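A.B. asks: Before I ask anything, here is the structure I am working with.
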Amino acid sequence: MKTFYYLIFTFLIVFSCKNDSKSSPETIQKEVKKAEFSIVIHGGAGSIRRDNISEEKEAEYRQKLEEAIRVGYDILKNGGTSLDAVQKTITILEDSPLFNAGKGAVLTFEGINEHDASIMDGQTLNAGASAGTKTVKNPINLARAVMDQSPHVMLSGYGAETFAKVQGLEIVEPNYFITEQKLKSLKRVQDSNKNKVASFYNDDINDSKFGTVGCAALDKYGNLAAGTSTGGMTNKRWGRIGDSPIIGAGTYANNNTCAVSSTGWGEFFIRGMVAYDISALMEYKGLSLKEAAKEVIQNKLPSIGEQGATGGIVAIDKNGNMAMEFNTQGMFRATMNDKDELYIGMFKN
């Protein structure tokens, strides 16, 4: 009898070993080494083609994207938090006139700047946002202060400006943000609309909102964070606020799933709750980050509205996997991982 049981036991052990050698895709995925830290950024999506950007301008964009992402990378490499990496990286982009955020932000109908920004902590789900500010040099710093130093999630307009001053954030004159290029863009758009009440659907308008900047990061402690900053839409009026300061639309982070920053036509990104939808598809349907991002950007967004929505996202999941999905002709983007591997992209192919 003992011999019989011994044979049965041996058979079960051998059979189990054979089954273990044929790992399922899910098992293989779990066995892949998790990245210690990673970071991904964007500088907006839109009509970004090789034939409409000079070699000199392309080099400028690449240099600034690399400068920004290396700032965040160094913070993560040295044991800093994902929140700090996201915030500092975005300030570099805000300080550059190349992008539609901070200095160089697009102009409203009145010829002024109104800035929106948000940031979110994937560990606690805390978030902060600001909207419609005109004198705060770095709107992402204001969003972080709202999250850390107030019981609120979003402050706007005069109240946000007052709070920024109380917090000791850097305040500048409104003309600090204005550049010659953005003045020309505003004039071009307004000239095309002279006989229209408020058209937001011509080609100039369609591509005037895509300079938004954003960042998502995973730190050594396993915490995710995301942030987004923008000047909004050229020729916008009546206090228009887009998706960038809206948690769940322009920015979202959750340690259980991913961190996302969006860029695109804000009204549609709000209606589609784009950033959160990617997280929800991962959490409730079990999709991978890349699968979820592709579903939302390539399938869901184009179905919203008569013309369909355009734009893109950058995102990172809890294992350090990154996604850069867009349905436009291009998107300024860059990634770095814990192996010091740098990627910078601009065009679709």
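Just so you know, glycine gets a Cβ as well, placed from its N, Cα and C.
Here's the feature list from TrEMBL:
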ACT_SITE  THR212  active site, nucleophile
BINDING   ARG240, ILE241, GLY242, ASP243, THR263, GLY264, TRP265, GLY266  substrate binding site
A.B. asks: So, three-state DSSP: helix, strand or coil for GLY242 (substrate binding site)?
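C.D. replies: It is coil.
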A.B. asks: Looking only at ARG240, ASP243, GLY266, the binding-site residues on record, which one has the least crowded Cβ, with the fewest other Cβ atoms within 10 Å?
C.D. replies: ARG240
A.B. asks: Select one residue from GLY242, GLY264: among these binding-site residues, choose the one with the most other Cβ atoms within 10 Å of its Cβ.
C.D. replies: GLY264
A.B. asks: Whole-number Å only: compute the distance from the Cα of TRP265 (substrate binding site) to the Cα of THR212 (active site, nucleophile).
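C.D. replies: Pair distance, Cα basis, whole Å: 10 Å.
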A.B. asks: Identify, in sequence order, the residues in the chain of ILE241 (substrate binding site) that are 6 or more apart from it along the sequence and have a CB within less than 8 Å of its CB; answer 'none' if there are none.
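C.D. replies: Spatial neighbours, sequence-distant, of ILE241 (substrate binding site): ASP116, ALA131, GLY132, SER156, GLY232, GLY266.
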A.B. asks: Secondary structure at THR212 (active site, nucleophile) (DSSP, helix/strand/coil)?
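C.D. replies: It is coil.
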A.B. asks: When the Cα of the residue listed as 'active site, nucleophile' is compared with the Cα of each of the binding-site residues GLY242, THR263, GLY264, which one is closest?
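C.D. replies: That would be THR263, nearest by Cα distance.
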A.B. asks: Look up GLY264 (substrate binding site) in the DSSP assignment and report helix, strand or coil.
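C.D. replies: GLY264 (substrate binding site) sits in a strand per DSSP.
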A.B. asks: Determine the C-alpha span of the substrate site listed in the record, that is the greatest distance between any two of ARG240, ILE241, GLY242, ASP243, THR263, GLY264, TRP265, GLY266, in Å to the nearest whole number.
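C.D. replies: Between the most distant Cα atoms of the substrate site, 16 Å.
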A.B. asks: When you measure from the Cβ of THR263 (substrate binding site), how many other Cβ atoms are you left with inside 10 Å?
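C.D. replies: I get 33 for this one.
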